[in-house]
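To start, the structure itself, in structure tokens.
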Amino acid sequence: MQVSRPLTVSASPKGLSGRTRVPGDKSISHRSLMFAALASGRTYVTGLLEGEDVLRTADAMRALGATITREGADWVIEGRGVGALTEPADVLDMGNSGTAARLLSGILSSHAFNSIMTGDASLRSRPMRRVTVPLAANGSEFLTREGGRLPMAIRGTGEAKPIEYRLPVASAQVKSAILLAGLNAHGTTVVEEPVATRDHTENMLRHFGVEVDVSRIDAGGRRIALTGPVQMTARDVTVPGDPSSAAFPIVAALLVPGSDIWIEGVGLNPLRTGLFTTLIEMGASLSIENERVEGGEPVGDLHVRYSKLKGVDVPPERAPSMIDEYPVLAVACAFAEGASRLRGLEELRVKESDRLASTVALLNVNGAETEVIGDDLIVKGYHGPLGGGTVQTHMDHRLAMSAVVLGLAAQKPVNVDDTAFIETSFPGFVDLMNALGAGLTP
């Protein structure tokens, strides 16, 4: 059982300053391990996020027959080939990682063996039906707890049928699970999404030699298709810095007077940079320098300086490009001049916690004024001193880091009930923030 780590956060005594790098992108790290295990040959991965979530994925792929070792700063994966994974001898424990659980469900559905998947208390409370229902169309079977929750037994099929599915709600995880099931299916798998979601799966499949066809449909939607079964060839991967992790020092620097920081090597996939666009609309001094391409993904260095922010109206179609950043964006909105409206946040209700409700609670207990109308969050802007509350994080790493950011800029200390789960996505978060001058004392 993980030991809790409460933390009291007081305003930073001076502006944040310096240059830093955030850990590797979590989405790309998960996929690099999974795809390398499905490829034929040896893959070297540089910059892998070594957080608990990603290490669970490494353990799962080892249990399925891949050889995964660490050599210096690199991770080395000896792949099995598509369709050649082997039945695990034990339960696959995905810890806190919904991404790993959902993507791996797609892979397991088209392998002819049985497996059982579980997770921690938080993951076991999250619904899986929006993945298992479309996946079952390929001939696989899923047995879950009531409400479609883990633990889950999966009876994969060696004669997987191709799936054609239109997502009712945009979700990169559901899209990816279906595409991964299609790698070992006979025929063309098609996923249609109402708005474009992060496309790391499509990019990395191409990197490993898979032909993926992407076309535009409707108003901003996309059709993604691939024809299986495929062969994947081992290719080395360089993982860029995670823009979702960069969000926390970015917002902290914008809110703490006198701050001036650089964050190097951050991934700039256009389907992941909605937060940067939004902050600039709010008046943030945030610039991108030294843009380049590494491992098939755009990368750049971010320069961030303290800024007086103004309220913003965020359209719902931007949600997929910043779905993990809404809690820390809401913190920024609480310090802004004027009200902000963050629209179309239904996806937040099925994250590690009900992130919409948890974000509202985080703000309200620290003196901010909020209102929820349907799936929209309204933050009424700065109306007086903030802080002084205790934040219940519900084992949600992003909520915990958002609370820390609020505390660094608030007039009164903020108590965070548990920061232990930050390690799932951002190992070394406190040390990184302290190196910039945050003055956090665990």
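The backbone N, Cα and C atoms fix where each Cβ goes, and this holds for glycine too.
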* phosphoenolpyruvate site partner of Lys26, Gly98, Arg126, Gln173, Arg398 (as recorded in Swiss-Prot), chosen from Arg216, Arg222, Arg223, Arg355 -> Arg355
* Rounded to the nearest angstrom, how far is the Cα of Ser27 (3-phosphoshikimate binding site) from the Cα of Gln173 (phosphoenolpyruvate binding site)? -> 10
* Asked: Same chain, outside the region 'Disordered' (1-25) by at least 6, Cβ under 8 Å from its Cβ: which residues?
  -> 47-51, 200, 239-246, 249, 252-253, 256-267, 297, 306, 387, 403-404, 406-411, 413-421, 425-428, 430, 432-433, 435-442
* **Arg355 (phosphoenolpyruvate binding site) CB neighbourhood, other CB atoms within 10 A** => 25
* To do: Find the shortest Cα-Cα separation between Ser171 (3-phosphoshikimate binding site) and the binding-site residues Lys26, Gly98, Arg355, Arg398, and name the residue that gives it.
  => Gly98
* Asked: Per DSSP, Ser171 (3-phosphoshikimate binding site) is which: helix, strand or coil?
  -> coil
* Structure fact -> Checked against DSSP, the composition of the region 'Disordered' (1-25) is 0 helix, 8 strand, 17 coil
